[in-house]
Amino acid sequence: MNQPIAAIGISDSTRPKTNVRLTISAEHLMDTDVFSKSDPICLVYEKTSGKKATTTEPVQVPTWQDSQWTERGRTEVVMNNLNPQFTKTFLLPYFFEETQLLRFEIYDADSPNVGQDLSPHDFLGRFECVLAQIVSYSTLKAHLGKAEGIGAQWRNKDKNTRTGSITIRAEEDEKCEKIQFDVCGEGLDKKDFFGKSDPYLNFKRKFDDGSAHLVHRTEVKQKTLDPRWATVQINTQTLCGKDGERPIIIECYDHDKWKKGEEPRGEAKFSRDDHIGTAHTTLNELLRGGAGDPVELLLTNEKKKAKKGDKYKCSGTLKIWNSKIIVEPTFLDFISGGTQLEFAVAVDFTASNGAPKNSSSLHYMSADRPNQYELALRSVLSICQHYNSSKTFEAFGFGAKLPNSVSVSAIFSLDLLRGTPEVVGISGVMSAYRHALQNVQLYGPTNFAPIIDTVAQKAQNMIHDSARYQILLIITDGIISDMHATIRSIINASGLPLSIIIIGVGNEDFEKMHELDSDDSLLQQDSRIAQRDIVQFVTIREFLNNGRGVYLDPDVVQENLAREVLFEVPGQLTGYMKQRGFQPRPVENPWTRNSPPPDYDPVLDGIGRRAQAPSPGFQMPVASAPPMY
């Protein structure tokens, strides 16, 4: 199975990114002009948390706003129109693993040229949301808020208000284009003294400065000088920037096995491999292998060539055929088509966490700082809530004795009052966690298999279409007690619509836990091999301080942790859908999106904020925080 190069840490250059284009229109805007209609312009801001994340400098904005909002751009002025359809669009990077908060403000322009100072122009309204909400619905309509109001998402039964409405449409700017081809080697140089080589290929993108970057590696073929690798697929943007003539480097290596127990993790395990030869090509040349005869590329070993001189011919030949460009459905295609992400969380209540009333306990509730479990829960759920229209989660605990019970519960509903795992919103998860902490007896052991099997059973009911995909978050303080059973459960679940995120809290040595996160090779046990990699494991301590012993703000910890644990989810979802042959539903006819329960309060989950008192001079009522459904 071909494997992409695993990311080591996450930088802006390596994180999966999609560009989305926003188109904006408005209706029934206020008319603030005496002798004509308003001349609206829309400004788009992003909450950047003090980081440089935009292309322009901050503009002057109303005084109630803070300096962390940065302008991403502005539309043209549409003259004399209360229902403008702006032609200027906005191209924004979209990251699944980030909360990208946007603000849309509409003004009645006092002149065709709107400068940095906005005070001469009448303010018509604003709307705040996260980019995830827009892409989840493809088209998002909302009431505009006046004064300090932030607007409210439009519901089916709503009527027009005096402030008017805004409609934002999101489209993926470019689809995921890949080149697919078959490749084999013939007559490769023999590198092993006692046997044949174990060859694999590296595909590298060459940059203008002469440097090269590894973008794809094939599997290793054992003991052969005439290997045939599995069909290769590489994103053309990653491979060559979609430039048909940009040089592409293909390296062939003989893999040297390490002694059992000595093999390093990651790229280090390829560090002592022998170079067989290198070929140079382009995207256009590779595509010629799709019509007629295969493309033949000679492998050259410069050291061997220099040594043998004119007697040197080559170090083998690569043949490439069945080449073609394919466009696969993307994560946003499925999300825009109504695919819902279902979420379950499981919290470790074993005694090794320490007595909750003790300040050294990992479950200790501090008045001024969240504990590591709370940080982990909010980090993941604050992102994931936008991809589940029902705003409900399943919350479990494990490794504790429940009230009036003499036996340990391998798995139990976190909501002890209702006895059901389903809770509403992040606030529901946090309330259930705190209540359980006060009423259960921490015990043990740390077993993962029961919770994985329980959630996998639910995922089993989702295998018939692309309507739902399950994610399980497990938070634990130590090494699991049932490693063999857990590996078996993960392998059993690897063919289901399921991703598992494991976050380690505390200072335990989690080295063995990395066995579950099989980035380098698929998880296996005895003769059974997982169908795909569905586990992501990280330790939270890596994100708690800046490396110099200074603890970071909890919001920063949550943001960085979410980036690390969630960035693989889009690829896991699309990988599963491809494996099953599922296509996304069209945007015009999406899967049904369920509404939240009547008692759901988005403000408690950090979506929006309470309406504030209007500034002096404003007569319009202030819109409440948006119920995001």
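Using the three backbone atoms N, Cα and C, a Cβ is placed for every residue, glycine included.
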Residue among D33, D117 sharing the Ca(2+) 1 site, where Swiss-Prot lists D39, D108, D110 as binders: D33
Given ranges 261-280, 581-600, the stretch to which Swiss-Prot attaches the annotation region 'Disordered': 581-600
Among ranges 78-100, 377-399, 492-514, 607-629, whichever one Swiss-Prot labels region 'Disordered': 607-629
Tally of DSSP helical, extended and coil residues in the domain 'C2 2' (162-299): 18 helix, 57 strand, 63 coil
Cβ contacts of D256 (Ca(2+) 3 binding site) (under 8 Å, same chain, 6 or more positions away): D198, R272, D273, D274
Neighbour tally for D274 (Ca(2+) 4 binding site), based on other Cβ positions within 10 Å of its Cβ: 16
